[in-house]
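S.K.: Sharing the feature lines straight out of Swiss-Prot:
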- C32-C78: disulfide bond (DISULFID)
- C46-C93: disulfide bond (DISULFID)
- C55-C108: disulfide bond (DISULFID)
- C59-C110: disulfide bond (DISULFID)
- C113-C120: disulfide bond (DISULFID)
- N36: N-linked glycosylation site (CARBOHYD)
- 1-24: signal peptide (SIGNAL)
Amino acid sequence: MYCTHLMTLQLVVMAMLWVTPVRAGTECRYGCRLNNMTIIVEREDCHGSITITTCAGLCETTDLNYQSTWLPRSQGVCNFKEWSYEKVYLEGCPSGVEPFFIPVAKSCDCIKCKTDNTDCDRISMATPSCIVNPLEM
């Protein structure tokens with residue numbers, strides 16, 4: 001009788017271990033996805049803020065501990081898969097002011113970094129920057 005209860009308990013625990021990662025994965029998604037972002041836009045005659053749809057999130061990647069000339073390095077980045085320009089008028093602009101044309105993401109994907117439209121450089125400790133560790137403030 002004791003062995004039967006023990007086996008039943010083991011089966012229940014195993015079933016819970018199989019279900020838990022699936023459930024956690026649906027609630028804890030930090031992957032590449034569409035995201036609304038508010039940005040400040042200025043021009044001489046008017047200014048304001050607009051909300052656009054862009055891509056944000058983490059991409060699974062592998063970074064080797066050594067550099068090799070035989071293995072190409074490819075960093076996956078969250079970027080637009082499909083996008084279009086949308087015409088945006090700011091509130092408070094005088095009539096007749098030309099609209100802004102803003103790129104708006106329609107879908108996102110983790111893709112190889114394209115240097116023609118994305119900053120793909122790595123941050124190195126030797127690179128002068130204004131990035132400050134919050135713990136040092």
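Note: Cβ is positioned from N, Cα and C throughout, glycine not excepted.
Thinking about packing and proximity, how do these listed features fit into the structure?
M.R.: Long-range Cβ neighbours of C32 (disulfide bond) (same chain, at least 6 residues apart, Cβ-Cβ under 8 Å): C55, A56, G57, L58, C59, C78, N79, C108, D109, C110.
Remark: C93 (disulfide bond) has D45, C46, G48 as non-local neighbours, by Cβ distance under 8 Å and separation of at least 6 in sequence.
C108 (disulfide bond): 23 other CB atoms within 10 A of its CB, across all protein chains.
A simple way to gauge crowding: the CB of C110 (disulfide bond) has 18 other CB atoms within 10 angstroms, across all the protein chains here.
Around the Cβ of C113 (disulfide bond), the number of neighbouring Cβ atoms within 10 Å comes to 16.
For N36 (N-linked glycosylation site), the same-chain residues 6+ apart in sequence whose C-beta sits under 8 angstroms from its C-beta are T51, I52, T53, T54.
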S.K.: Quick one: among the disulfide-bonded residues C46, C55, which has the most Cβ atoms sitting within 10 Å of its own Cβ?
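M.R.: The most densely surrounded of these disulfide-bonded residues is C55.
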S.K.: Please compare the disulfide-bonded residues C59, C78 by how many other CB atoms fall within 10 Å of each one's CB, and tell me which has the fewest.
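M.R.: Comparing Cβ neighbours within 10 Å for the disulfide-bonded residues C59, C78, C59 has the fewest.
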